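Below is one structure, written out as structure tokens; comments come after it.
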Amino acid sequence: MKLITAVIKPHRLDDVKTALQAFGVHGLTVTEASGYGRQRGHTEVYRGAEYTVDLVPKVRIEILVEDDDADDLIDVLVKAARTGKIGDGKVWSVPVETAVRVRTGERGPDAL
Amino acid sequence: MPDGFSAGDTAFVFICAALVMLMTPGLAFFYGGMVRVKSTLNMLVMSFISLAIVSVLWVLYGYTLAFGPDAGAGLIGNLDFLGMRGIGLNDITGTIPVTAFSAFQLMFAIITPALISGAIADRAKFAAWGLFVALWVTIVYFPVAHWVFFFDGGNGGWLGDRNGVIDFAGGTAVHINAGVAGLALALVLGKRVGFKKDPMRPHSLPLVMLGSGLLWFGWFGFNAGSALAANGVAGMAFMNTQVATAAAVLGWLAYEKIRHGAFTTLGAASGAVAGLVAITPACGSVSLLGAIAIGIIAGAACAAAISLKYRFGFDDSLDVVGVHAVGGAIGSLLIGFFATGHVGQTAQGLFYGGGFDQLGKQAMGVGVVAVYSFVLSWLLGQAINKTIGFRVSEDVEVAGIDQAEHAESAYDFSAVGASLARAASPSAPVTVPAKKTEVDA
């Protein structure tokens, strides 16, 4: 199993959810997040005083998938999240040792 | 009512007095939106307390010091009307009852010290501020109002009545007076913790817009009402107020776009206030085109002036100096250029063939009020600071002055979170008042 984590622009969330559902993903976790990558936030001006707001709003999506699906799912996610502009975010995956469905106690791929 | 009384003028002045009253809560929101969340309430109530303190003092001795018969040389009123005794229901001044005139002038006395509070946002002890308001109106505002606003056929205030300084609605008595006092207090109290290091951006620009809108609305009472009659001069003052303010918004935004690259909301609100300040002394003596010129100049100049605090290193938190002292001085001095001689007053400015005479008088008015206000405000601030202390501790300032000084906070974020959690959770207990039905029955 793999854990796919994506940090994307908040306004792309609906498109990403739709694309993931079409792909067959049954569940995901979404968290509000803030951070910056290469774009380093933005500047605001109040009566001539400039403030650098370097942490910008993002959403963080986490999905557990079987190994075989991971690459395809990443492709679908990236395609749906992309605007082509700076600050689109990042997606990465890490191996997962086990997963348990709390309600039934099922383990491994059955729990997904 | 005696001969000369006008019901129309009286009704007009009462409405204007009520409009000017609304400016103080308007100012509270204008300032309140500009501070950080943790000191919002303190900022609001610093204006509000002025309504309470000054109203009481006005009746006790303020009115008689400002508008009682002159006690000598045009410097201060005598004590004939102490406690407002001796003022009858049928006594009139001009065409309106003295009671109406007194109510109108009271609102000016209230907002002037409230204006100062923006210079010391986030860091003044509330009791020290209240004491300052009481003492400041007594030794600074009431005398200066007498100098500028008390007319008695050449035996009134020494600036306005005896020396011809034009201040139709308070450019010197209100705005320069408050602006310079703000500078003095900012110097006495020192900079906020984190000044120039921490971001201190406004917590609510919508509140700032609401406040500036209320100020603009109330300012028609401030300026048009200063005609003390529902007449053509009031009409000119009203229109001058509108167009100068509009022009100042444009002036501020243009400066900002060129200098900083964006048209900001705070700039639009600040430009409006700068224009209102600048046209205040001039609205009874200039033409509409003159008012537009004054507005544009004041908008751009005040936008430039607010960077003074960074350049000179004093922390006038909400730019009372840049907007009120500078705006008031610009409006007062420009009378010396733009006074037409046939709006409300006969004095003519440089552009209308009047020579340097009126400009010299205006400069004297600006200088005298600025020096008097600065020196006394600074001494008063020092006296309070050395006795009961004017500034809260650094811990309180960092944590936010609202909870330490007022035992309250402006926004209950925790409760919002808790109610959302309750709404989202199906197992959350629902409490129903046990005997509700019986009580209702």
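Just so you know, glycine gets a Cβ as well, placed from its N, Cα and C.
Just so you know, TrEMBL annotations never went through curation; they're auto-generated.
The domain 'Ammonium transporter AmtB-like' annotation in TrEMBL covers B:11-411. The transmembrane segment annotation in TrEMBL covers B:12-31, B:43-61, B:92-116, B:128-149, B:169-190, B:202-222, B:228-255, B:262-282, B:288-308, B:320-343, B:363-381.
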Quiz item: In terms of Cβ proximity under 8 Å, which residues at least six beyond the ends of the transmembrane segment (B:202-222) contact it?
Solution: 15-23, 25-37, 40, 107-108, 169-170, 238, 241-242, 245, 265-266, 268-270, 272-273, 276, 280
Quiz item: Going through B:43-61, B:262-282, B:320-343 one by one, which has the most CB pairs that fall under 8 Å from the transmembrane segment (B:169-190)?
Solution: B:320-343
Practice problem: For the transmembrane segment (B:128-149) and the transmembrane segment (B:320-343), check the count of CB pairs under 8 Å (sequence separation 6 or more) and say whether it reaches 3 or more. | Solution: no
Quiz item: Residues sitting near the transmembrane segment (B:92-116): Cβ under 8 Å, six or more positions beyond its termini, same chain?
Solution: 1-2, 4-6, 9-10, 13-14, 16-17, 20-21, 23-24, 27-28, 46-47, 50-51, 54-55, 58, 62-63, 66-67, 84, 132-133, 136-137, 141-142, 145, 149, 170, 173-175, 177-179, 181-182, 185, 221-222, 225, 228-229, 320, 324, 377
Practice problem: May I ask which of the stretches B:12-31, B:228-255, B:363-381 has the most CB pairs under 8 A with the transmembrane segment (B:288-308)? | Solution: B:228-255
